[in-house]
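Okay, structure first, notes after.
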Amino acid sequence: LTPFMHRIQLPRNMIENSMFEEEPDVVDLAKEPCLHPLEPDEVEYEPRSSRLLVRGLGENEMDEDEEDYESSAKLLGMSFMNRSTGLRNNAAGYRQSSDGSCSVPSLRTMVVCAIVLVIAVSVIMVIYLLPKCTFTKEGCHKKNHTMELIYPLATNGKRFPWAKTRLPSNVVPLHYDLVLQPNLTTTKFAGSVQITVNVIQVTWNIILHSSGLNITKATLTSAGWNQAKPVAVLEYPIRDQIAVVAPDALLVGQNYTLIIDYSSNLSDTYYGFYKVSYKDEHAEKRWLAATQFEPLAARSAFPCFDEPAFKATFLIKIQRDEQHSALSNMPKVQLSGIVQDEFSVSLKMSTYLVAFIVANLKNISKETNRTLVSIYAMPQKLGQVEHALDTAVKLLEFYQKYFHIEYPLQKLDLVAIPDFQAGAMENWGLITFRETTLLFDNKTSSAMDKKLVTAVIAHELAHQWFGNLVTMEWWNDLWLNEGFATFMEYFAMDRTFPELQTDEEFLKVRFKTMMKDSLNASHPISSAVQSSEQIEEMFDALSYIKGASLLLMLKKYIKHDSFQAGIENYLHNHSYGSTRSDDLWDSMNEITNGTLDVKKLMKTWILQKGFPLVTVKRQGKSLHVQQERFLRSVESENWTSDASYLWHIPLSYTTNKCNPFLCPYAYLLDQKSATIELQEEVAWVKFNVDMNGYYIVHYAEDDWNALIDLLKNNLTALSAKDRAHLINNIFSLVGIGKVPLLKAFHLLDYLVKENHTAPISQALFQVNLIYDLVEKRGMQDLAARVVDRVEKLLRSKIDQQTWTDDGTISEREFRSTVLAFACSHHLGNCRTTATKLFEEWKASNGTKSLPTDVMKTVFTTGAKTDDGWEFLLSMYTSSVSEAEKHKMLEALASTEDVRKLIWLMQTSLEGDLIRAQELSHIIATVIQSLPGHLLAWDFVKENWEKLIRKWHTLNLETAYIAQPEMHIFLTPQVKTFFESKSEKVSQLRCVKEAIETIQLNIKWMERNLATLQQWL
C-alpha cells in the first residue's frame, strides 16, 4: 500500500482475553453491565489458573503466558487496592519515632500478622496439594485443565464461542471458491463462498470474519458425510467475527467445506468492495466497483479468515452486466454465456491481497518474460498510460534479476481508479492506483510528476515479492512489507532510472520521518497490535520510511553483496509463507556467518522507538563519541526517560585526510560511549556520511565551527547530501536547546554559494517552519524579516531561473522549488512573470502550453484574482489530465478568499464536482495560509463524523487532517475537541502527535523568539 500505542479499550458489554494480558489495578464488576449473570453455584475456582469460569463453556485452552493469579478475585469484584495504597496501609502498623526511624511493631500488630500468615499458608497448601481439584459450593470435583473464559453474546443472545480478537488456529483455510454478483444499478451485491478448511485441533466451531454481510444460508459438508448439513451461524459484529456451529465434532486432519450465501451493499467509503461514480468520454455519469481490502476489509466482501497468516488459494467468478468487464488477481479463463467471468485459481495468498474490479476500462499491454503487463484506465485517458507501461516492464525485469525469483503469475495488471483513497494497492496481479500515481501526460506532467509515477509503480511491484510472495505473519511487523517495498522503490529507481536522481527524495522523506520519530508519542516499528484501530495506525511514516531507512543503514554497513544475498535467502526460505522480523535477521545471519550478529544489532532499532543522538568531541587524534535518545520533550508527566535506550549504531565518518580507498570509515557503537583513535590529527570530521545512518549528530563547538568554515570555503569537500544533513541536524539541535539559533543561521550563510537542490530544499523547509510559527502568531513584520533574510541568500539563484522545462531532473526540481518560494513571498519579479504567463494561457482558453515544472506556480499566481480563480475552476472541471488537475486544485486552494476555501472543502466532501479523494490535499494546502489554518480546523470540527465515516476511523487521510500545522497554538481547543469525541479518539496516536507538536511549537517560540527578534 502506498499512502498519500495506547491500551486497547474493551467494550463495556464484554470481557475478552486481552483483559488477562494487561489488567488495571482494580476491576470492579459492580460498576460494569453484566452480560453473564452468574448464580453462586456456577462460580468455580480453579487453583492453578485462578480464572473465573463458567461451567460447560468453551473448549479453547489458554497459553501459559496468559496466566494471572489475581484475575479471579478481580473479576469477582473484590476491591484490591493498588500497591501504593497497600503499602500505606501496611505501614500503619508501625510507630515512627521522633528521629524518623521505625520502632518495633506493636504486640497487636504481630498477633494479627501471625494469624494472617497462618491462613495464607493454609490456603496455599490446599491449592498446591490438590492441583487437580476444582472447588464449588458442592465441594471438590475432578476437572481437566482447559482454561475456560467468560464469552460474549452473539447478536441472537446466545453465547459466542470465542473470546479473542485474533482468530483461533484450530481450523485453517485451504481454498476459497467465490462467486460475486455486483449490481451497479442498485449498488448491491450478492455472493456465495465455499471455503475448504482443514482441522488442526478437534472443535465444534469454525470462527472466521464477516463484516456487514447479510448471511442467508450456511451449510457444511465433508467427504465422510452423505450430504451437506445446515449449520447455525452466530455473529459477533464488535469484532467482525462469526461462528459456524458444526452439527458434529470436526475431526483433526479432516477437510470440510463451508458454504455461505450472503448479500450486502457496495460501500460508499473507500474500503471493502466499493462503488465509484465517474464521467465517461461523453460526460455521462457511470459507475464502477473496485476493492480495497488492506488491512481488514476482505471480510466486508466475503466471509473469510481475514488475517495475513491464513493464506489460501482463490477461485473467483464475477457475474456482471453485459456492458461491463471484470478483472481479478488471476487471468480470465472462461466466459459462461455473456455475464460470468471465471478466473484461474490463484497462488496461495492472504485475503487482503484479493481484488476484483467491474468497470468499463481500456488497456494497452506488453509481454515480458512470459508475463503480460497491462495498464488499464478510463477510455478517454488511455493516451496517458505509455510511461507507466514502459516503467512497469523495466522494473519487473529488474526485480526478477535482482531477487533471482521470477514473477510467478502469467499477468500483471495496473489499473487507474478514478476515485481512490490510497496512492496505490499491491493486490497480487491486479495493482490499483490513483490516477495521479499511474497516468503521465507529456503536455502537463512535470519532472516531479514523472518521478512520482515511477516511484509508486516501483513500490507496488516490489510488494509482489515483499508482501505477496512473503507476507508478515501479523500486522505488528507491517514494516517487513512496507519498509522493504519503500527501500526497494528507491533502490530500483536508482538502478533502473538513474536520471531521476531519487536519492534526494529519499533523503527528504527521511528528514521528515525523524521529526515524527523524535516525539514521545512515537512507537517502535515492530509494535504489538490487536485492535483494528491499532492495526490501521501502523500504516504511518515509521513503518514505511523508518523501515526503509534502517534497511539502507544495514545495507551500507554489511555491504551490498551480503545484503542482496540475505534478501535472496529470506525470499527463497519463506516463499508463499508468513514471517516475523526475526526470520529476516536469521536469513541475514546465514550470510554474515558469525562475523556480525545482524539480529542483535537490528533488534535495537526495531523494538525501540525513536533514534539516537550521537555527540562527537575531537581531542587531538581521539574522537570521543557517546549516544543518547534524541527526544523533543515537552516534559509531560508521561515523558519517557531515555536512560535505558541503547542502540547498536553503525557509525560512518569522514575527515579532511580520509583515505579514498577506505573512506568512509566505519565504527560500531554498541555502548553508551567510546573513543575512536585516528591515525593523525585532522582539521574536521563529519559523521553519518551521506546521512545513510538513522541518527542525528552533535559536535563540540570547535567542530561545528570547523564544519561551518568548510561550507563557506570549500563546500564541495562534502557531498550535497552531507550538506543537507548538516542543515537538518543543526536546526534539529536548536529545537532541543543543544545549539543556539544564531549558529544555525550562521551556517546558512554559505547558501550564497550553493547550487544543489537537496541543501537548498532543506534550508527552505527549516526556515519555512520558523516562518509559519511566527506568521500564524500574527507577527507579520517578523515573518517578513525572516523571508528577507532568505532572499539575500538566494537572490542570485532566483534571478538566474528560466521559466522553461530545460535541464536535468535535479535542475528542474530546483527551479520549481525556488520559483514557488519566490512567488509565494513576492520576491523579485517572480509574480510579474507568472501573471504574464497565466494571462496568456487564459487568453488562449487554456490551449497554450505552459512549462510543466512552473505550471503550479503560474496557476497559483493567477488564482489570486477572482477572474483567474473562476477561470481556473472551469478549466479544472473540463481537464482530462490528472497531473494538470492536481496543480489546478492546489492553486485554487491557495486563495485567501475565505468563502472560496469553504466552498472548495465542502464541495470535495460531497464528492461530485471535486472528488472526495482530493479533500486531504485541499486541506493540506488551505492550512498553509494565515486565514486558512483556522478555517480548516473549524471545517474538520464541524464535519468530523462525516470525515471519519468516509475515510474510515484511522486512515492516513484522517490522520493527515489532524496535522499540527492546522492549529499551531490551539492546544486547549484541540485537546478539548478530541477528548469530547471519545476516549478511543483522544488516544489515537495521530492526535497525541498533534498535541505534542503544538506544545513543542510553543516551547520553541518561548526559547527562541527573543533571539529571532534581536538577530533580524
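The backbone N, Cα and C atoms fix where each Cβ goes, glycine too.
According to TrEMBL, the protein has these features:
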type     : residues               : note
TRANSMEM : 110-130                : transmembrane segment
DOMAIN   : 172-353                : domain 'Aminopeptidase N-like N-terminal'
DOMAIN   : 388-605                : domain 'Peptidase M1 membrane alanine aminopeptidase'
BINDING  : His459, His463, Glu482 : Zn(2+) binding site
ACT_SITE : Glu460                 : active site, proton acceptor
SITE     : Tyr544                 : site 'Transition state stabilizer'
DOMAIN   : 684-999                : domain 'ERAP1-like C-terminal'
Integer Å distance between the CA atoms belonging to the residue listed as 'active site, proton acceptor' and Glu482 (Zn(2+) binding site): 10
Cβ-based neighbourhood (8 Å from the centroid) of the Zn(2+) site, residues His459, His463, Glu482 excluded: Leu1, Thr2, Glu426, Glu460, Ala462, Phe466, Gly467, Asn481, Phe484, Ala485, Thr486, Met488, Glu489, Tyr544
Alpha-carbon spacing, His459 (Zn(2+) binding site) to Tyr544 (site 'Transition state stabilizer'), which is rounded to whole Å: 11
Cβ packing number for the residue listed as 'active site, proton acceptor', 10 Å threshold: 29
His463 (Zn(2+) binding site): tally of other CB atoms within 10 A of its CB: 26
Chain-internal residues, separated by at least six, CB under 8 A from Tyr544 (site 'Transition state stabilizer'): Pro3, Trp479, Glu482, Gly483, Thr486
